[in-house]
Amino acid sequence: MKSCSSCGAELDDDALFCTKCGTPVSETVTEAEEPAQNAAAEAAAEKTSAETGGGRAAATAVSGRNVSAPAKGGKLAAVRAYTENFLLRIVAIIVCAGVFIGGFFINISYMPMEQVQSKITIDSAGDASMEGMLMTSSFEQNVFNVIGALTVSFDLTENQEKSERITEAMTARVTEVMLRYEERITELAAQVSQGNERAVTELISLYRKAVRDITSSMADINLIEMDRLDAEIAYAQSEDSQTALKGADDALMRTAIMSGYMVGVIYLQVVALIYLILTVAGLFKKKNVSLGKFFFLYMLGMFFLFGIGQLTATSLGGAGMFCFVFAVVLCAIWLAGKLFCGFRVSPQGILSLTVHTVAAVLSFAAVCLLFGNIFEFGGIADKIGAVFGLHVYESGAQLQNGMEMTMVNFFAVAVIYLAVYILAIIVFFRSAARLSKMEEVNAADKVLAAVAAGVSLVGYLALYSCCQTDAIELLFAPSVFYGIFVLFAVVFILFMVSGVAKRSFQGKDAANGGKVSAAR
């Protein structure tokens, strides 16, 4: 156990500076060593005084504890102590409080099955009319709207009445929003009819603004439940077309997967609340809470939500994306502060810091690429869940095999996607953990990066091959997998180069050690 030479506070053996007063660790000695060191210093001082005749001044120069050291390192140590004991704790509280509050406003962008099924009939450039824009837009939905969809009854009359009420509520909401734009739309429409090109641009812009207002106003209208109601109505009316029955099957499977949104959001809120309590308590008790564990647990929940979005052709709304970005930025700031407090400058340390930082950034970029519109279906629909619309064909034979086609396409694409997604997440978490602890790259890191790169490339080639046949119709190969392969290939090469550099440093250290031994 060490003790501070200035204030006497007990310190951990690996402490770099006193957490009470900021004195550097070089200014501290262990309790057992202190008497012996003082005695040795006094003996050296007496010897120096006798040899040089410098008297008490010379003795002080030897026995004193390098009185200039606090002046050189004291300020930096004080800044580090303030950063670790106050600033990092405040950052931890801010990030936990921010994501906890933001979590109450997390919505999802949802497109009803009717729109998903109709997307292949709409040109990829979209439609300049209000109806066309609405058909290509997603609606804000509360994540807990899934509960209403899961509790739909099997009574035909009851389901029809509920469906009608939801339809009426949607119509009323659209009418309410359009009243605010009706007058201006009428004016611009008249100018367009007279050949005013500027009015055309302004009218389209106004349409888009109105559509945004309409879609964002639907969060309290349960469109997810409406899909399930329509599905049960189709099942009850067995004389309906195969298209309706296929749509019902798709809606049922889609809703079941979307139930993961509720689980994920509740998990995020619990994690944020627990760590908010711990960080606030740590501030008053002057104890540090590891934000690294919070980041791991919170990002794990976020990655789960993004995966659900891919599988259902939905996505997180603005509040969800805010929580994600906010957590990443604040945790990065916290990590930078932690490295500032504990990083020791050396060639090996700089190499390790550079390698793990680049690896973490590139692997995080790979994970984020997998959040986006990877797949295109009909030119507009995206994500794996876009295959839910594959049953809309003119051929009766294709309709009969619609469910089989959807299942085959869904799972064939999903398996490849999830394999790459999980590998990317693992590489990112390992790189971030190595960076946080400043650990060296080992063989497992190299193998994992190589496997991630290989699976990404194989996945791209497999999907590309399928898309050239009828195995996955109307689904374009996700070229983003090729980009992910490049990112992980760079990470793998970086790991290999760092290993060579590490051995070079070790060789130089060994050579220098041999020279010192020979000189002695």
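Keep in mind that glycine also has a Cβ here, set from the backbone N, Cα and C atoms.
Feature annotations, courtesy of TrEMBL:
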- 4-25: domain 'Zinc-ribbon' (DOMAIN)
- 86-106: transmembrane segment (TRANSMEM)
- 261-283: transmembrane segment (TRANSMEM)
- 295-313: transmembrane segment (TRANSMEM)
- 319-341: transmembrane segment (TRANSMEM)
- 353-375: transmembrane segment (TRANSMEM)
- 410-431: transmembrane segment (TRANSMEM)
- 443-463: transmembrane segment (TRANSMEM)
- 475-497: transmembrane segment (TRANSMEM)
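Proximity of distant same-chain residues to the transmembrane segment (295-313), defined by a Cβ-Cβ separation under 8 Å and at least 6 residues beyond the stretch ends, is recorded for 99, 108, 111, 116, 254, 257-258, 260-261, 264-265, 267-268, 271-272, 320, 323-324, 327-328, 331, 367, 370-371, 374, 381-386, 388, 414, 417-418, 421, 425, 429, 432-433.
Listed stretches 86-106, 353-375, 410-431, 443-463, 475-497 were compared with the transmembrane segment (319-341); the greatest number of C-beta pairs under 8 angstroms is found for 86-106. Beyond the ends of the transmembrane segment (86-106), by six or more residues, the same chain brings 143, 265, 268-269, 272-273, 275-276, 279-280, 282-283, 288-289, 291, 294, 298, 316-317, 319-320, 322-323, 326-327, 330-331, 333-334, 337-338, 341 to within a C-beta distance below 8 angstroms of the stretch. The list of residues near the transmembrane segment (443-463) in space but at least 6 beyond its ends in sequence, with Cβ under 8 angstroms from a Cβ of it, reads 359, 366, 413, 416-417, 419-420, 423-424, 426-427, 430-431, 434, 472, 477-479, 481-482, 484-485, 488-489, 491-492, 495-496, 499. Distant neighbours of the transmembrane segment (353-375): 303, 306, 309-310, 328, 339, 343, 382-384, 386-387, 413, 417, 420-421, 424-425, 427-428, 431-432, 434-435, 438, 441, 445, 449, 452, 475-476, 478, 480-481, 483-484, 487-488, 490-491, 494-495, 498; these residues of the same chain sit at least 6 beyond its ends, with a Cβ under 8 Å from one of its Cβ atoms. Sequence-distant contacts of the transmembrane segment (261-283) (same chain, six or more residues past either end, CB-CB distance under 8 Å): 89-90, 92-93, 96-97, 99-100, 103-104, 106, 108, 143-144, 146-147, 289, 291, 294, 297-298, 301-302, 304-305, 308, 323.
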